[in-house]
Ligand SMILES: O=P(O)(O)OC[C@H]1O[C@](O)(CO)[C@@H](O)[C@@H]1O
């Protein structure tokens with residue numbers, strides 16, 4: 001860490017002990033009646049109440065100072081200009097660049113022709129032709145991680161906006177049960193497979209694609225090619241596998257940031273090219289906020305700094321995400337990849353070890369279901385973590401008595417985490433005491449439209465970037481997934497032969513158990 005950043009870091013650290021041990025949210029609200037106004041902030045389509053966190057304006061000011069000394073302004077400019085921000089892979093991170101250019105929000109570059117935009121343009125044209133083709137009844141999207149989670153989550157989230165005649169299915173898992181169950185009842189000639197893999201080397205996706213290809217012929221289909229669309233940065237490999245149509249995605253768009261590229265094909269089929277353009281516009285509006293708003297009035301900056309504060313300084317080991325909207329039930333899984341693959345790192349971008357905790361584990365489940373699962377732990381467990389609520393003001397249904405009750409439940413959980421309560425007369429002391437003073441954040445959308453979803457997801461992307469810059473890590477590579485892939489290849493061969501020589505005792509023992517019945 002350079003000297004100035006270190007001084008700024010130490011000055012934040014000086015505050016941390018008090019906020020971790022002695023700060024009390026209830027007293028803070030009593031002492032500062034305008035605390036909500038001071039610590040809540042709006043951005044396009046998203047309002048955020050950060051006042052129920054274990055911080056205040058003094059902490060925020062010091063964190064903003066730290067961000068400046070970490071080079072946030074310069075790094076943000078580099079990201080949005082499409083410069084190299086992923087040094088270990090020598091790549092830019094083009095997600096915001098792509099949607100901003102495409103949406104024409106970037107003045108003077110709106111009509112820019114660039115081959116990196118071509119795949120997205122081709123995808124939207126193809127999506128419209130699929131929507132207009134009644135012969136295609138089912139679309140099976142095959143892809144994992146960033147090539148699956150984003151489209152699946154967004155297709156679910158925007159279900160009320162669907163306007164296509166096709167049914168959409170998602171297959172990611174290497175476990176054959178996933179593909180097998182999905183294919184039940186489908187007819188080859190009426191099915192279109194979308195095989196999404198940026199690298200075209202992901203074992204899960206290639207295995208599923210080959211099995212789908214075999215299924216197509218085994219079920220009497222002829223000429224599979226036209227029924228297979230590939231989305232990839234490696235068109236030559238996809239062509240060699242027989243894919244009938246290739247959509248290109250740029251190398252510079254990272255997997256977990258790729259919903260905005262041709263990877264978004266299932267979503268564009270579901271909501272139409274116009275709906276997809278709205279998603280891009282919503283995201284680009286958040287990009288513009290991130291670019292233009294001063295750091296002290298910038299929502300992604302506040303959230304990224306809060307993440308740094310909670311994890312590195314207050315040592316809160318996880319963050320629980322609870323979206324109170326059925327459509328957002330896959331948001332925790334999507335954000336797990338975004339946050340934990342991006343910032344789950346233990347070394348600086350230059351490869352040297354870091355001596356502070358980086359990103360917290362992210363986990364969660366949709367509300368109100370989660371209230372009946374793990375909220376006991378959140379309210380009365382021995383460990384304190386932070387909780388994040390995503391609320392949506394207006395539902396897309398008109399069933400009486402649901403949405404107000406849902407919103408009341410979300411608000412109540414945040415209130416209870418902060419306020420706590422003592423067991424009353426006739427109640428059980430201890431068992432019915434709630435300690436309170438547990439931090440939470442509320443993000444509020446007016447409605448779950450394509451535009452608002454785009455803005456929300458872009459907000460999370462920039463937040464991850466901000467925290468990564470302050471931690472000094474490269475948020476755009478993922479070397480941590482490689483060792484397991486290499487070992488799996490070796491073990492696959494051993495499973496075929498039962499050879500355990502040279503293996504550690506546990507892996508050898510487990511292999512023996514499996515081979516007793518299989519090999
Ligand atoms: O699109 P691909 O290349 O199949 O990769 C899928 C996913 O696998 C990962 O590389 C991790 O293994 C992710 O970063 C990526 O989103």
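Including glycine, each Cβ sits where the backbone N, Cα and C put it.
Because the structure is a prediction, the values reported are computed rather than measured.
Noted in TrEMBL for the protein shown:
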type     : residues : note
ACT_SITE : 341      : active site, proton donor
ACT_SITE : 372      : active site
ACT_SITE : 485      : active site
Legend entry - Neighbourhood of residue 341 (active site, proton donor) by C-beta distance under 8 A, where only residues 6 or more apart in the same chain count: 145, 256, 478, 480, 481
Inset, instruction - Count the other Cβ atoms sitting within 10 Å of the Cβ of residue 372 (active site), across every protein chain shown. - result: 9
Legend entry - Residue pair residue 372 (active site), residue 485 (active site) - Cα distance, angstrom, rounded: 36
Inset, instruction - Please work out the number of neighbouring Cβ atoms within 10 Å of the Cβ of residue 485 (active site), leaving out its own Cβ. - result: 11
